[in-house]
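Chemist: Quick paste of what TrEMBL says about this protein:
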DOMAIN    94-284  domain 'ABC transmembrane type-1'
TRANSMEM  27-51  transmembrane segment
TRANSMEM  98-117  transmembrane segment
TRANSMEM  129-153  transmembrane segment
TRANSMEM  165-183  transmembrane segment
TRANSMEM  204-227  transmembrane segment
TRANSMEM  265-283  transmembrane segment
Amino acid sequence: MAASTSETVQSPPVIARQKTSVSPGKVILTIIRYAALVILALIFLLPFYLIVRNGLATDLEITSPHWTFFPSALHFENIQELFSDPDVPFISGLENSASIAILQTAGQILISALAGYGLARIPYRWSNAILYAVLLTLMIPFAVIFVEVYVVVSYLNWVSTLQGLVVPGVFSGFTAFLFRQFFLSFPHELEEAGRVDGLGYWGVFWRIVVPNSYGIIAALSVITFIASWNSFLWPLVIGQDPTAYTVQVVLSNFLNAQVLNLHELFIGAAIAILPLVIVFFVLQRYIVEGYRQSGLKG
């Protein structure tokens, strides 16, 4: 008992905390960096604000020499005026653009994923030649071949039809190449496990590869959807009937009208941008992730 009391209880050593001092130079640099980011954000957001501002203003306020940054009043009735204008098929244009973008995205992702997997994983004699042919298509702009494509579509009687607007856009060498780059880095062990269970190339692709490729699929779906929605040249050439107009063609026809309603043009542009903003903000994290997985991120 005496021995136990004679023992002194040693307290754990106290470690002095070192105060981290931040130099004034780093603080100033951080402030400058964030200020520059805010300024750049405002510069990029300014066009969108001007579109919305002019869309909710009157034509006199838009063209006034005494232009103000804020309109005197917000005219939300401009939206109703746009949708009820009998000379502007805006609603059908939105429906056509949505249908074309969704179908082209689904078709292009399906075909390109199959092509990319075949180029990356299935060995055959002419695989390199086909790969070079796919890469060659990346160097040919669509404006060079759209006349030939139009002749084929016209021969098939697809002018001013949904298939004529959709089918030429479902084939993309760029998307197929990105899928190939991703599948080259896909773990072989997962595919071998599927083959041990008796799966062939088709079963491995649908049951193993696709469920583990949602990142690249979502990223390329966003990119394809945005490109299809913003497409103008091909819908302008092939959609000769007003019922086949896309929203981009409808907006361009404002400039050819006898009476130019600027507020309808601007509010229509704002509404046309809205679906892209929603899609981008919902799936934006997949874009960088998809490029990283495809091996093309710098």
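Placement of Cβ uses the backbone N, Cα and C atoms for every residue, glycine included.
In TrEMBL, annotation is done automatically, which means it is predicted and not curated.
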Chemist: Do at least three CB pairs under 8 A connect the transmembrane segment (27-51) and the transmembrane segment (265-283), leaving out pairs fewer than 6 apart in sequence?
Modeler: yes
Chemist: Going along the chain, which residues at least six beyond the ends of the transmembrane segment (27-51) come within the CB cut-off of under 8 Å?
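Modeler: Residues 266, 269-270, 273 contact the transmembrane segment (27-51) from elsewhere in the chain.
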